Amino acid sequence: MMMGRFALLLLAFASLQLFCVADDDNNDDDVVFYESFEESFEGRWIVSNKDDYKGLWKHSKSEGHEDYGLLVSEKARKYAIVKVVDEPVSLKDGTTVLQFETRLQSGLECGGAYIKFLRPQEAGWKPEEFDNESPYSIMFGPDKCGTTNKVHFIFKHKNPKNGEYVEHHLKYPPSVPSDKLTHVYTATLKRDKEVKIMIDGEEKKKANLLVAEDFDPPLIPAKTIPDPDDRKPEDWDDKEKIPDPNAVKPDDWDEDAPMEIEDEEAVKPEGWLDDEPEEIDDPEATKPEDWDDEEDGVWEPPKMYNPKCAIAPGCGEWKRPMKSNSAYKGKWSPPLIDNPNYKGVWKAREIPNPNYFELDKPDFEPIAAIGIEIWTMQEGILFDNIVIAKNEKVAKSYRETKWKPKFEIEKERQQAEEEASGLDFLASIKRKVFNALYQIADIPFLSNYKPQILDHIKKAEKQPNLTMGVLVSTVAIILTIFLKLIFGGKNQQCPRIETKPVPVVAETSDDQGSDGEKVEKAEKNEAAAAARRRRRET
């Protein structure tokens, strides 16, 4: 019986220990910093007093919610605000999760919505003077302008050899969601030197802080560098091809032959009006009553297209059209041959890199403050639920309880609006296509072509009348790149596919006259255009 009681006691103790460990996964100690903005930021956050930062921050509700956030309230402004944490957060040991929400309520054409996790003030900055030069450890979040469309992850690291701090940018970062919904961005730094980027709880990118292929420039410098003092020898010939010195211009090569000549077989069309000008004075035009010849000069009636030319093959002096000259060859140049003296591309010799160092793990500076320092052309950017935690489960809990309910409501409202406008099916398909294209643009092997792909996608988003053409162009670019990468090719350059602008008819308040006069004027213009086409054909 004693043994049985001891076993039960041991089992109970073990269960208690497991309960404590499980409960510790969501321990408040794992939440290093949390800002919900349910209370006003005034008196708790410090707005920069630098002259450049005139943007007005507001404590505002998210559109359609009772939830408050920190709002960028004015367009075309610079903003800077900072919150000093109670105790600096070490990034050297264990797991650290950086997470926050942003909602681009007015969209984002050009601007940033990222957060800077700042180093201690001993690094040489003051909260009241927070600006773009204030030293940070990590910068994380969305940024979009022109061909830039990325979720930044940048960390600054001190080179132990020369003492300089270097920015290291994540290669091939994910793109920014293109809608106006609330999104949550999560960066998780793990003890195994791994960083994981998530958007809305979905992993978008994983990288190793010490791997050269994941960051630019790499954290660990190259062991050798080109010798800056090395110089190319004067007799070094790096021309792979040279003009053939033995080549002779053919006797029948005429460099003076023109590219085009008159078509001697052309005949003036019957009915051509040689004595009629293409343009005549508008007979209905009258001199304005307030016209002053001394101040305004001699008044001349405006010109109009000669209506007689509209019904004739053409007017004015007839000239034979030009045609391509079959004898044209242009300037002669000797063909290129292999250079017998070619030595290859010269490179400076490699020497040991004086700034080379090795690390087992990054030596991050601690986070002492959280700052938002951005420039944006759009208002309506809302920041909310900023979290620094030492446990991934804590960050997930905030996503589930704070972000997800809002996101689901916004999605339902968006869908209802699309259904009400009758655009549900088309808008849904279009949104899915754009989201798929943005995901394709994030594929690492397309990184060299990403700016051009994003440029085409943006054109399609902005100009609905060009959407199909631009989408086809974008898909064609991606397929072309894919086929080149599979089957090879020396010049893997992104093909340029031009999209023709769609003509727009401008309506102005200057169109005078009755409907009948407008129709008659339109008919004259159409007849004139037809005459011009006939003349070009002849």
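Counting starts with 1 at the first residue shown.
Just so you know, glycine gets a Cβ as well, placed from its N, Cα and C.
Keep in mind that TrEMBL annotations are predicted by a computer and have not been checked by a curator.
Annotation source TrEMBL lists signal peptide at 1-22.
As annotated by TrEMBL, disulfide bond applies to Cys110-Cys145.
Feature annotation from TrEMBL assigns region 'Disordered' to 218-305 (among others).
What TrEMBL records for 226-243 (among others) is compositional bias 'Basic and acidic residues'.
For the compositional bias 'Acidic residues' (252-265), residue counts in helix, strand and coil come to 0 helix, 3 strand, 11 coil, using DSSP. Annotated compositional bias 'Acidic residues' per TrEMBL: 252-265 (among others), in sequence order.
Among the features that TrEMBL reports, compositional bias 'Acidic residues' is placed at 272-283 (among others).
Summarising the annotation, TrEMBL assigns transmembrane segment to 466-487.
The annotation region 'Disordered' is assigned in TrEMBL to 500-538 (among others).
The compositional bias 'Basic and acidic residues' annotation in TrEMBL covers 515-526 (among others).
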Tally of helix, strand and coil residues over the compositional bias 'Acidic residues' (272-283) according to DSSP? 0 helix, 4 strand, 8 coil
Which residues of the same chain, at least 6 positions away in sequence, have a Cβ lying under 8 Å from the Cβ of Cys145 (disulfide bond)? Glu109, Cys110, Gly111, Met377
Give me the count of other Cβ atoms within 10 A of the Cβ belonging to Cys110 (disulfide bond). 14
